[in-house]
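Structure record follows, encoded as structure tokens.
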């Protein structure tokens, strides 16, 4: 972990560090390019005092995540969430051609399943041909002498570009509720063939076998029932803009057990030397429980981070490379970040942060960026595409004197806001030949128009979801690029001003799309209770339910 002084540093100009020819690759590097301290210096105070003041409060930050052999990722940024190894509705070649992925989130439960006719069969992902020296099936032993230039098995199986970062976690995001509880050494996962138990040793062996760039260790989390809605003390008062999503918290007794069990599992990760043996960057999970419930667990993470810094100093003095047990944080509740900044400014705060907190709208994204999140996971982009929604928002609309601002200000009611997206199933788009968003350079907007995608959605053509995925991911990339440019040029004050302007310009909620979605599978269902209505529309009906022919109408029948 290194921190660069605030200065003219372009994240896109950084090149991936070369990997050593022999031995394990070097540890990941997260460079904090700019924080709030560099945007408040007015010459009247000390820069060190400003850094001390803002180092203990949650603020947005500009950085770069650098992993060996991968393209550096400027932060804040986001990674798409995959389903069974692929970004939904986008083939790997189109993902590369459109630049859709600079990283991807994978869930181990997408690849492991029990086949009743073939009990004990190893999942195909474990036996995928790879140039690495790791065994064809997961085992507890690992070889640290494999070449760092080999292609990891996870990249090979999923056809992920070699320049993209892979993130592996036990469960999907968001995860479907399991009817089985977690145990002292296992968690319950939902696979395509039903519920299974994933043990700690099996998950560590999978990390050794698949060799992702980033892995999220197992945590004792609760999904679905048995949770209570929580609004943190750090959450702002109720306003006209719904700028946060509450995270369900478990009962008090369950919360303490989650923290104790997760701490035991992190200790086993450290004893087994998973990071040292595999060279994988481990992003330790912070739990969706109150700060007071998990403070002891966070103290343990701080100890591991401090030990990693000491090992790095020793390694830099010798010939080796340090691989800390905790290389980053996987944040399940962003409302914990102000407490982390207050109590762990020297240990946990400098680490990169991967957010697993729900973010449905751009307003949620801006709030998480304001709290200091570096990388987000956004399954909401795919959800919007499947609902037939096309993103129409733009960070450029916050420029002073922009056309969007003038349109809102000139409205007689002065209360009308621009929509975040438009539902292309609306009949008004039947003859609309304009692009999805004027001026958008994505492939969907340059080669197609609204009427064409409306027709595809009406006919339930798969191409509709593909084009919407390309467009919506492009709009989201532009949003994050604009945020980074604002932080670099205008500082935190400029970002906060533009964020408030964005909330004024655009509606609070995303519209509800009326498109017929792809058929849901059991492992995709996120429910907290009994489902009253069928999730999938029946393809066939009963003959007696066919409406009768109106009187006077005749039906021609061939003789």
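Think of each number as a place in line: the chain as shown, counted from 1.
Every residue, even glycine, has its Cβ placed from backbone N, Cα and C.
Annotated compositional bias 'Low complexity' per TrEMBL: 1-16 (among others), in sequence order.
Taken from TrEMBL, the feature region 'Disordered' applies to 1-30 (among others).
As annotated by TrEMBL, compositional bias 'Pro residues' applies to 17-29.
Annotated region 'Disordered' per TrEMBL: 122-155 (among others), in sequence order.
The compositional bias 'Low complexity' feature in TrEMBL is assigned to 127-152 (among others).
What TrEMBL lists as domain 'tRNA-guanine(15) transglycosylase-like' is 248-498.
The Cβ of residue 471 (Zn(2+) binding site) has 390, 391, 436, 437, 440, 442, 444, 445 as same-chain neighbours under 8 Å, each 6 or more residues away in sequence. DSSP classifies residue 471 (Zn(2+) binding site) as helix under the three-state reduction. Annotation comment: TrEMBL describes 440, 442, 445, 471 as Zn(2+) binding site.
The region 'Disordered' annotation in TrEMBL covers 539-559 (among others).
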Using DSSP and three states only, what is residue 445 (Zn(2+) binding site)?
helix
If we count other C-beta atoms within 10 Å, could you say which of the binding-site residues 440, 442, 445 has the fewest?
440
What kind of secondary structure is residue 440 (Zn(2+) binding site) part of, going by DSSP in three states?
coil
